[in-house]
Amino acid sequence: MNFKLSTSLLALALSVSAANYKRVSCPGGTHTASNAACCVFFSLADELQATKFDSECGEDAHEALRLTFHDAIGFSFMGGPSKGTGADGSIMLFDSIELQDHANDGVEDAINSLKPLLQNFSVTAGDLIQFAGAVAVSNCPGAPRLQFLAGRPNATFPAAAGLVPVPEENIDNIFARMEDAGFSPTELVSLLASHSVGRSDLRILNRTGVPFDTTPFTFDTQFFLEVLLKGNETLPPAPGEADAQVPNALAAQGEMRLQSDFAVAHAPQSACFWQSMVNNEAAIQQGFHDAMAKLAVVGQDTSKLIDCSEAVPIPPPAVNKPATFPAGTGPQLLQLSCNAPFPSLATDPGAPTTIPECPNGDTNIGDCPS
Ligand code: HEM
Ligand SMILES: *[C@@H]1O[C@H](CO)[C@@H](O)[C@H](O)[C@H]1NC(C)=O
Ligand SMILES: *[C@@H]1O[C@H](CO)[C@@H](O)[C@H](O)[C@H]1NC(C)=O
Ligand SMILES: *[C@@H]1O[C@H](CO)[C@@H](O)[C@H](O)[C@H]1NC(C)=O
Ligand SMILES: *[C@@H]1O[C@H](CO)[C@@H](O)[C@H](O)[C@H]1NC(C)=O
């Protein structure tokens, strides 16, 4: 090889790698960033962890994660641009309008908690919502570290009503709505790993914090298993929104099962993918990471966004425990709509146990049902 050419190639390689390693110091001196535009997100992460989430996978973190979906899904290929511009902060900027949609019941908690941060941090509402969700789920053991791209413009008008799916909806309409925002049935399965850290505050009368699985503070595959357990039909649906629920095997311990989760678990388009998530922590991590990366930029021009994923905290590792049938249940309760072999799982010994109400036994009111 020509000597002159190879030295110039070497010089080029060195300057490229120097550019990669050059970081800017952020104001305040605590953080450095690959791009000055990311500095504000390091400070915002500190603020969220200290004053909103207590660095825990508790109620406030769950609500912030849910808000990412309710903002982003405000987009429709069929309806055209006037229906909404996706992950654009419209649910926060036009909350008095979007919250009239019953599907958004409950998201006001996260909006009221996060919105004041717009006064103190120079970020747009869409960036705030997606970043807060990424920081929130980083507190959940087993969660993937989500991608975060910065630079969504503020929404200039609200999303249309009717774009957020509701749990009582039939499965064809749910799939059609997701498809209209760019998501396949299996991508919906991946997104629903979020319900592994979810509880309902509104669907059951007089009860808050009604969990969707026995481990609502860890990002694990118990949710995918427990949704497949045949419900106890002798227990009537809990008073409240009967249509939103289907009977579940752990009602006596306070669990609930959303009609929509049940329907996705059994639909021909998604049943095998759902089953393949059981006891496959790596698969829910990868699937959720990729589907959330897509959700977070619905309607956005990603060529104009800057990668600030480095400001998202690194989540604690997964709890090192395979999925198990909760005590009092077992493989005899499995109701499967896919022919693939099902993993052989142990059953927790002893009598049915209660589902914890707060992460790490922390009775901080913000993390427990009120
Ligand atoms: C078919 C789609 C979906 C339906 C019908 C649905 C429905 C629901 C319902 C009814 C609740 C309980 C709300 C309450 O009573 O407080 C809930 C909670 C939740 N949802 Fe979904 N959801 C869907 C998809 C998603 C997706 C894609 C995400 C991803 C970010 C998500 C994240 C959450 C979280 C984190 C909670 C728990 C909130 C808390 O614990 O306070 N959901 N969902
Ligand atoms: C914003 O900054 C002001 C002035 O420093 C402070 O009083 C207020 O508590 C801050 N609010 C939030 C939400 O951090
Ligand atoms: C976005 O809207 C918020 C709330 O009104 C405001 O504080 C912020 O400055 C806006 N950002 C831009 C870039 O317009
Ligand atoms: C719910 O709470 C209200 C008010 O305290 C009470 O009147 C009602 O009986 C309760 N219903 C159920 C089903 O617990
Ligand atoms: C269903 O619930 C009832 C009432 O709690 C209980 O007696 C019964 O054993 C349960 N059946 C199954 C199959 O778990």
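Every residue gets a Cβ built from N, Cα and C, even glycine.
All annotation found in TrEMBL is predicted automatically rather than curated by experts.
What TrEMBL says about this protein:
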- His70: active site, proton acceptor (ACT_SITE)
- Asp71, Gly86, Asp88, Ser90: Ca(2+) 1 binding site (BINDING)
- His195: heme b binding site (BINDING)
- Ser196, Asp213, Thr215, Asp220: Ca(2+) 2 binding site (BINDING)
- Cys26-Cys39: disulfide bond (DISULFID)
- Cys38-Cys308: disulfide bond (DISULFID)
- Cys57-Cys140: disulfide bond (DISULFID)
- Cys272-Cys338: disulfide bond (DISULFID)
- 348-370: region 'Disordered' (REGION)
- 1-18: signal peptide (SIGNAL)
- Arg66: site 'Transition state stabilizer' (SITE)
Subset of recorded positions (Cys38, Cys57, His70, Asp71, His195) lying within 10 A of Asp213 (Ca(2+) 2 binding site), CA to CA, in sequence order: His195
By Cα-Cα distance, the member of recorded positions Cys26, Asp220, Cys272 nearest Asp71 (Ca(2+) 1 binding site): Asp220
Most crowded position, judged by CB atoms within 10 A, among Asp71, Asp88, Asp213, Asp220 as binding-site residues: Asp71
Listed in sequence order, residues not in Asp71, Gly86, Asp88, Ser90 with Cβ within 8 Å of the centre of the Ca(2+) 1 site Cβ atoms: Ala72, Gly74, Phe75, Gly84, Thr85, Ala87, Gly89, Ile91, Gly126, Ile129, Arg152, Ala155, Ala159, Val298, Gly299
Rounded Cα separation (Å) that holds between Cys38 (disulfide bond) and the residue listed as 'heme b binding site': 29
Cβ neighbour count (within 10 Å, all chains shown) around Cys57 (disulfide bond): 28
Rounded Cα-Cα span from Cys338 (disulfide bond) to Asp88 (Ca(2+) 1 binding site), Å: 38
Mapped DSSP class for Gly86 (Ca(2+) 1 binding site), helix or strand or coil: coil
Packing count at Cys38 (disulfide bond) (other Cβ atoms within 10 Å of its Cβ): 22
Output field, Ca(2+) 2 shell: CB within 8 Å of site CB centroid, site Ser196, Asp213, Thr215, Asp220 dropped: Val197, Thr214, Pro216, Thr218, Phe219, Thr221, Gln222, Phe223, Glu226
Proximal residue to the residue listed as 'active site, proton acceptor' among disulfide-bonded residues Cys26, Cys39, Cys57, Cys308 (C-alpha distance): Cys57
Three-state secondary structure, Cys272 (disulfide bond) (per DSSP): helix
Euclidean distance between Cα atoms of Thr215 (Ca(2+) 2 binding site) and Arg66 (site 'Transition state stabilizer'), Å: 17
Surrounding CB atoms that lie within 10 Å of the CB of Cys140 (disulfide bond), all protein chains: 26
Collapsed DSSP category at the residue listed as 'active site, proton acceptor': helix
